[in-house]
Amino acid sequence: MVAEDAPVRATCRVLFRTTTLIFLCTLLALSISILYESLITQKQIMSQAGSTGSNSGLGSITDLLNNILSVANQIIYNSAVALPLQLDTLESTLLTAIKSLQTSDKLEQNCSWSAALINDNRYINGINQFYFSIAEGRNLTLGPLLNMPSFIPTATTPEGCTRIPSFSLTKTHWCYTHNVILNGCQDHVSSNQFVSMGIIEPTSAGFPFFRTLKTLYLSDGVNRKSCSISTVPGGCMMYCFVSTQPERDDYFSAAPPEQRIIIMYYNDTIVERIINPPGVLDVWATLNPGTGSGVYYLGWVLFPIYGGVIKGTSLWNNQANKYFIPQMVAALCSQNQATQVQNAKSSYYSSWFGNRMIQSGILACPLRQDLTNECLVLPFSNDQVLMGAEGRLYMYGDSVYYYQRSNSWWPMTMLYKVTITFTNGQPSAISAQNVPTQQVPRPGTGDCSATNRCPGFCLTGVYADAWLLTNPSSTSTFGSEATFTGSYLNTATQRINPTMYIANNTQIISSQQFGSSGQEAAYGHTTCFRDTGSVMVYCIYIIELSSSLLGQFQIVPFIRQVTLS
């Protein structure tokens, strides 16, 4: 797919939705007109024939309205449910056919063929879904680690450092990026950015292999930081900010650092834009990508964000006195209710970060090349999420979910279902619904360790996202039982003991630690997918591991099967 295809597809979607809305509005207007004429006629009949004919007249009107409503409901169902499902099925069929043609071609001896940017047929229909029922989720175990070549390069000197991975996977392909620091792990001085894209293919042993088809090394003197990546049709989109000062200094600034969007297509087209989203200047002191991956949703690319909001601004005032306390806290915290509320309210404000309000949200950008003022910043309401932090967005079918790093006082994995409201064809508001869980804890310092259960001010933790294996919406009460997998650091206060796990709301079901006790580690990213040929579910756990040989950290992808026992 070439770069120009994306705007055409977006335009077609807009035309279809606009036509549908116009048709529905026309139908509504006709219905009102018919109803009005019917009422006038009925009034005339009643004045001439008395009340004897009223019942039959009302009955005919009721039948007429029922017929109109039935037609309207069928149109709404077809446009909102049936047609998208048919399009999704058609897309999968076309992708499978294209991949089949590409892999079956026998090439002439002197010809070359560039592999199509499409995953193997076995995986196309097994990506970005919930893979198990609620009952099956209770009986899952981790399979052994599988040996595959790493698609992630490491540092090549003892002084080098690779950090902050971001990975995105869709039906067609995957995108990956990380920061490369030449000396030490402080990314605010000078760093480069590694980017790659590729596909999933099966090995002769039957398990998947991540094949790299394109790489890009951004080494141009621009210090891009905390980049989030998302797959888009035909390539990758990456969101970074540019800064050459420590994180704390960013929060004390009067204006946010430079924001950049980079679009890299498989046909070697590269577009980079400095963006200026409306409502950011004079409101946000700093605005940062969430480092976790974004998603492509209804023609828009969504990225997780967080940053510091300036006191007295409209956003600050709108969030005043808002707070969120996860459902599980009531049974686990010994503080009285008033103390919990007071501490929860104050947890969003940091004197260490210049008394800014630490806020989470979503950056939404349309998929087109002229993005200077097109991207939008959508903040979460703080009565639905905790203090702002790094994060990740997921697509499960047609639903968007959000992971928020547990920087604040609640140490458990924070996952939310996100609802996005569109106005005039563009996203205008977001809301979040938390998946209640008292697992899996992250390490933290002081009173904010993995054992803490009560509200208070914290600025700690580590990024450790998780993949939902079951659908939280499948239960009568949202999220009352959910199973997920990921990696965490199995200690109360230190970044050590990386452990891969499967857990539900209340307990860890299966786990396996990597390396010896005391192995240092940091960020962890998890993504799962299904081989529809063997019906096996695989998960890739991307973990930052400390190294005594090459660099302070190496980023390692581990792959293993999740099995139903």
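Cβ atoms are placed via backbone N, Cα and C, with glycine included.
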Regarding the disulphide bond with Cys185, report which of Cys161, Cys227 Swiss-Prot records as its partner.
Cys161
Which of the listed residues, Asn110, Asn504, has Swiss-Prot annotated as N-linked glycosylation site?
Asn504
According to Swiss-Prot, which listed range is region 'Involved in neuraminidase activity': 55-60, 187-192, 223-228, 493-498?
223-228
Which of Cys236, Cys448, Cys454 is the other half of the disulfide bond that Swiss-Prot records for Cys333?
Cys454
Regarding the disulphide bond with Cys236, report which of Cys111, Cys175 Swiss-Prot records as its partner.
Cys175
Consult Swiss-Prot and report which candidate among Cys448, Cys528 shares a disulfide bond with Cys458.
Cys448
Rank the disulfide-bonded residues Cys185, Cys227, Cys236, Cys375, Cys539 by the number of other Cβ atoms within 10 Å of each Cβ, and give the residue at the low end.
Cys185
Close in space, distant in sequence - Cys365 (disulfide bond), Cβ under 8 Å, 6 or more apart:
Met237, Tyr239, Ile261, Ile275, Trp300, Val301, Phe303, Leu371, Glu374, Cys375, Leu376
Rounded to a whole angstrom, what is the C-alpha distance between Asn267 (N-linked glycosylation site) and Cys458 (disulfide bond)?
46
Residues that sit under 8 angstroms from Cys528 (disulfide bond) by C-beta distance, when 6+ apart in the chain:
Tyr131, Trp467, Leu469, Thr485, Val537, Tyr538, Cys539, Ile540, Val562
If we check Cα distances from Cys236 (disulfide bond), which of the disulfide-bonded residues Cys161, Cys227, Cys448 wins as closest?
Cys227
Just to be sure I understand the packing, how many Cβ atoms besides its own are within 10 Å of the Cβ of Asn267 (N-linked glycosylation site)?
14
Can you tell which of Cys161, Cys240, Cys333, Cys458 has the least company, meaning the fewest other C-beta atoms within 10 angstroms of its C-beta, among these disulfide-bonded residues?
Cys333
